[in-house]
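These come from Swiss-Prot:
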type	residues	note
REGION	26-58	region 'Disordered'
COMPBIAS	47-58	compositional bias 'Basic and acidic residues'
REGION	81-100	region 'Disordered'
COMPBIAS	81-90	compositional bias 'Basic and acidic residues'
BINDING	Gly338, Pro339, Lys340, Gly341, Ser342, Gly343, Lys344, Ser345	ATP binding site
Amino acid sequence: MVKRQRIESSNVPLSAFAVRQLTLSKAARKKDNSSGKKRSVSEEESQDKYEDEMKTEGEFPSYKHTLVQVVVPGVDHRTKLHSESSKNDSEITPDINRSKVNPQEYSEFSVASPQTISPSLPLNLDDETVSENVPHSPQSSNDAIPVIKITEENSFRVKDTLYVGLHKDQKLAMVGTFIFRSVRGKFQLFGATYSSACMSWFPLNAPLAFATPVFSAIDNALPAMQISEYEEDSLNLRSFAVPSYSPKEHEYELEPKDILPNFETVIAFRENENGLSKIARVLPFAKRLFSFKNLLQDASSISNNFEITPESWCSFSNQLLFSTSKSDYVVPRLMVCGPKGSGKSSFSRYITNRLLQQYRHIAYLDLDPGQPEVVPSGHISLYYINSPLQGPVFARMLFPTYMLRLHLGDISPQKDPDHYIACVTRLFAEYKDYIFNQEISQKEIIPLIINCPGWIRGGGAELLSSIVDICQPTEVVYMSREDMKSSHREKKSIYQHKEYMPDFLSSRDEFQLTLLESTWQYLPDPNVNKVTSADNRMLGLLSYLYFNCNLQRWDFTTSLTACQPIATAFKGSSKGIDAVNIIGEPLNVNDVAKTINGTLMALYACDTASLDNSNTQRIVSSPEGIPLIINDGLPLDPNTSHCLGLIVLRTIDLKRNEFHFVGPLNLELIKDAYAKSLKIVLERGRLELPVYAMLDHRLAQYSELPYLDRNHDRVAVGAHRRRVRRNIIRRSTFVG
């Protein structure tokens with residue numbers, strides 16, 4: 001039998017296992033050299049021999065540095081090499097069948113952090129060139145955001161407060177969990193403008209692997225209305241009750257004019273230990289989010305992903321604000337739509353922050369159940385906010401002045417579009433009632449921001465058309481993933497399919513259509529530090545479940561199994577839960593207790609008449625006495641019910657006929673529901689409780705934990721993360 005010869009090439013993508021084998025072999029050779037062994041051929045002779053082979057066999061120029069590309073499944077490696085990494089390389093690609101690689105040419109290399117390496121870019125194994133090809137700082141990777149570094153000349157620290165001075169148009173990037181305010185001058189942060197006239201502190205949680213916030217100093221003479229001109233009582237500052245000046249500041253008798261007097265803008269920072277940095281205790285992969293020593297740190301040297309505001313966003317928002325300043329203006333109803341991953345949520349957050357300069361409140365209609373801004377996934381909601389939206393969703397403490405949310409029980413409206421449209425109709429009707437009351441009271445009418453889901457093909461286009469008919473927007477913004485500027489270098493991302501926009505958006509004339517660009521194309525590499533949608537949803541859900549409403553902070557040190565539960569009866573005269581509803585396929589009544597125990601459920605407040613006088617549903621009791629609504633697996637009517645929050649049904653006490661559940665519930669809402677004689681219903685949807693929420697990290701033995709199977713020795717088929725493919729084309733499609 002003839003042995004198969006292995007053909008190697010400097011441009012052939014190698015797997016991570018091959019790279020590791022080459023590195024280990026090089027380390028072994030160095031160890032042998034240190035023990036006194038002599039090499040048969042010197043490095044110079046090997047290099048000359050290798051160059052001769054390359055010239056003889058392929059007539060290609062020799063390569064000084066050997067490039068190895070780490071192959072990651074699902075990532076397109078056909079991208080063009082970065083200009084810096086291709087300066088010393090030939091433009092001609094050697095033939096895969098004619099070129100060889102000498103393993104001795106590989107040198108040792110070490111990766112400092114997985115956050116600084118892109119799996120889609122070729123890595124040079126030479127130590128000196130790794131720092132050149134891999135962007136470690138924004139100055140080398142992203143010239144559009146020239147952030148400054150904190151030095152002794154532009155900063156001043158007094159105990160727990162850090163003061164940083166900025167000149168006009170200078171930018172500062174910070175990461176961590178901290179609070180900030182303007183001591184002198186004005187600055188902008190992702191569309192929101194802060195002024196020294198407001199003495200309150202604002203919280204910000206800026207983890208790594210997300211867009212780093214950028215503080216930009218602006219001209220103090222700008223005659224624009226700022227957020228700080230409103231009364232401080234109207235701002236949403238309940239979650240961080242911090243005095244304007246600490247006793248330590250009074251001790252040093254600091255005056256704003258005496259702090260860094262050579263700078264027009266001075267920003268004060270303080271560390272804010274709110275417990276979020278300890279999220280890695282319950283979610284291991286979140287360790288890289290806060291992988292820095294201090295809770296307040298300069299991001300100029302540790303981040304290469306900054307919050308970028310394209311020029312098209314700025315011009316659109318300026319035009320919108322200018323139109324609202326006219327006497328005959330119409331209060332805008334802005335709908336933001338586009339495909340998945342196009343930056344709809346980012347732009348909605350940006351335009352909301354800009355509009356807060358002109359309005360005291362903004363109505364936000366969040367119709368994306370997969371990536372909501374305030375509530376966990378699986379909900380759509382309407383809320384009124386009066387403070388800027390800063391930071392990632394899971395790291396945001398936001399308490400709207402009013403909120404109405406409805407539970408879909410799924411991250412997509414695809415399985416029940418009729419119920420989704422009914423929920424949208426209910427939420428928009430609530431906004432219309434509010435506007436009507438404002439007009440009667442002759443008060444300010446607030447604008448509406450509508451964030452749509454990313455499902456825009458097929459049935460998604462029909463849903464989007466229905467949303468337009470219901471909400472009647474005055475402005476429609478379509479977010480495009482296509483590069484609108486040819487000056488940007490070509491980039492490959494996880495979104496490779498052709499751009500698609502529904503035809504009805506351009507054919508209808510009752511609104512103004514605007515196409516805006518996404519921000520992913522401005523990043524050094526869209527695939528670097530990418531947090532998937534599933535991980536985002538898990539972060540948001542765990543952040544929600546571990547939030548302590550009484551202390552206004554996160555508590556990841558206590559497991560959900562160790563938290564004191566809320567106990568309420570489901571049977572008897574003093575019952576607190578009137579019924580249980582299960583969305584999905586019809587269920588046998590005997591299996592109710594097993595189906596809902598240890599699951600994620602929504603707490604609903606329903607109108608009494610909707611349950612008593614309904615012809616399509618009835619309430620029966622299970623063998624355990626649990627009241628179950630029989631309505632063919634349909635959700636509750638959104639016109640007569642609303643969601644109070646998410647809970648984890650931890651235990652069903654059959655002896656006392658009680659439900660024990662945990663979750664950040666607002667007990668005042670439950671008390672108000674009882675006062676209005678509303679019935680409390682638990683609804684089980686299709687949302688899955690993460691495995692990390694079931695674990696009790698205090699225990700060492702996982703085999704005895706219920707509902708959890710952790711077998712480290714053998715992994716069964718199907719035990720990995722579930723992945724659904726929706727891009728499979730059947731053969732029947734090609735049959736004429």
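Here, residue 1 is simply the first one shown, and the rest follow in order.
Including glycine, each Cβ sits where the backbone N, Cα and C put it.
Worth saying up front: this structure is predicted, and the values here are computed from it rather than measured.
Where Swiss-Prot records a feature, it is marked here on the structure.
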| residue | record | contacts (Cβ under 8 Å, 6+ apart) |
| --- | --- | --- |
| Gly338 | ATP binding site | Lys344, Cys452, Gly454, Ile456, Tyr478, Met479, Ser480, Arg481, Ser518 |
| Ser342 | ATP binding site | Gly454, Met479, Ser480, Arg481, Ser518 |
| Gly343 | ATP binding site | Met479, Ser518, Thr519, Trp520 |
| Ser345 | ATP binding site | Asp368, Gln371, Glu373, Val393, Asn451 |
Counting Cβ neighbours within 10 Å across all chains shown, tell me which of the binding-site residues Lys340, Lys344 comes out on top.
Lys344
For the binding-site residues Pro339, Gly341, which one has the sparsest Cβ surroundings, going by other Cβ atoms within 10 Å?
Gly341
Cβ-centroid neighbours of ATP site Gly338, Pro339, Lys340, Gly341, Ser342, Gly343, Lys344, Ser345, 8 Å, sequence order:
Gly454, Met479, Arg481, Ser518
Looking only at DSSP and grouping its letters into three states, which state does Ser345 (ATP binding site) belong to?
helix
